[in-house]
Every structure is written in C-alpha cells, then in structure tokens.
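Q: Per TrEMBL, the feature active site, proton donor maps to 34. Residues annotated as substrate binding site in TrEMBL: 96. Feature annotation from TrEMBL assigns domain 'NADP-dependent oxidoreductase' to 5-279. Here TrEMBL flags 63 as site 'Lowers pKa of active site Tyr'.
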C-alpha cells in the first residue's frame, strides 16, 4: 500500500496503515518527501505491539529525496527517515528520482522566478553511498525510482558496482504500460514497481484536469462487469499478471479491503491484450516531464 502525501490529515495516514496491516498488507511504500514517516512508524509499531505482526513481517520502502542526492548527504537523509519511523533498518531504500535539486531544507527549492533550482550530481556516486548504507545494515535492499533505461544502464555499468538495484519504481498503468522498460528490467532481474497503478489522485496542484480518467475507461469497465469486479481491481490484476509489483493508494477501509481481493480472479490472455491496447504513453505525474529531466522521452 502506498502512503503518498496528499492534502489529508496525517492522522488519516496513520489510521490507513493500521487498517491495511489488519487487512493483510505487508508492503508499505513511503518516502521522506511525503512527510508522514513519523505517523507510518507509529502505526506499524502499534500493530507490532498488539501482536498483529512482527517487524520482520513488514516490508517498508523509503526514498532518498532529490535534495539529498549528493553522496555525503545520503547517510544523514537515511538517518532522518530512521529517526522518524523509529526503526533500526529500512527494508528497501530507493533513490526517489534521477533529478537532483539544490541541497537544503526546502523540498522544492525555487529561484526568484519560481523555477526549480537543480543540482548536478553524479548518480553513480550517490549509488555508492547507497551501497554503504546497505553494508552498514541500515537498509536491507537498495533500488531506484523514475529511472529510464539509459539511467538504469549507467548504474548497472558503474565501475566497481557492488549491489545491483533490486527494483525500479515508476508510474505504470494501462494508459502508460511501460512495456519496453518492463522487458528491459526483467532482462536484468530488476523488479518493476508500479505507482499510480489506478491512474492518479488528480491533485489539482500537479495533474492536468483534462486528462482522461483511467477508471472510467470503457474497456476496463466492460472487463470489470465480465469478472464482477471493480475497474480498479482489473487494473491491479493486469499488473500482477505482467510480473509487476503494484502499489495501491487508499485512505478508506472499504477501498483498502477491496484492493486486497486482487488475488481472487485471473484475466484471460485475450483480456490482457485488450488492456495492453489501452496504452497511450500518458503520464499523469508531470514532474518527470520537466525539461531538466535527461532522456525524458527514452524508456
């Protein structure tokens, strides 16, 4: 389950994580950027205290934010997350984006014209610092997020590479199915993890309100009717059958419970192809369409 920061009370996030653990979820996807790691840690510790789970049952993903990509800042960034969560280790720690921003307290540093201030960081050096975090036992695994093929290859071909990235977390849904990137990741034994798997939360601050609503797609809805499931479940099941790890974001008990029913049915090969045909390379998350993003059009 994904705990992305949205304009909702942090107490709601804490409650959602507790509900998710009660329902059976064990993978909690978080990030320093979301500014809710304290609440997530509290929720997980409560469910450990009441005997629902042990710490080793939970798989928590944290992310190195772009203002900390400078190698010497990686340990302190990780320490901030560990302190907020009150954890001894993080299961998976990933570089949030290949974009580097000016170091400092501002999550999105801007100049006098309101333009983002970028930093020039060698991501291979960042990766070496991530490897050191793993060697120190502070993280169990390390990975990437929002990296395209060329950027993945840059890390994989890094001289002296000690640990390969275990995953690449990217926006992925039927309107942006990332077929080529998925094939490449599979060829390198890198797990593709899908965020925005149900389209988008459509936050007006980020998302073009004229973009089509994935869950209103006629083909998804026809398949939902065929299987007597929701369009959301069909979209989630599609990813699982492609070998993609899927993240679902919700704050309501009903949706959290409904999304967990993804294991109760299977799509036919013909229906998988029908969903494949919906691809239109539509990106809901505009951040990585920024001109500063290198190789933005390259998978």
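Every residue, even glycine, has its Cβ placed from backbone N, Cα and C.
Just tell me what is around each of these and how deep it sits.
A: The number of other Cβ atoms within 10 Å of the Cβ belonging to residue 34 (active site, proton donor), over all protein chains shown, comes to 20.
Around the Cβ of residue 96 (substrate binding site), the number of neighbouring Cβ atoms within 10 Å comes to 20.
Of all Cβ atoms in the shown protein chains, 26 besides its own fall within 10 Å of the Cβ of residue 63 (site 'Lowers pKa of active site Tyr').
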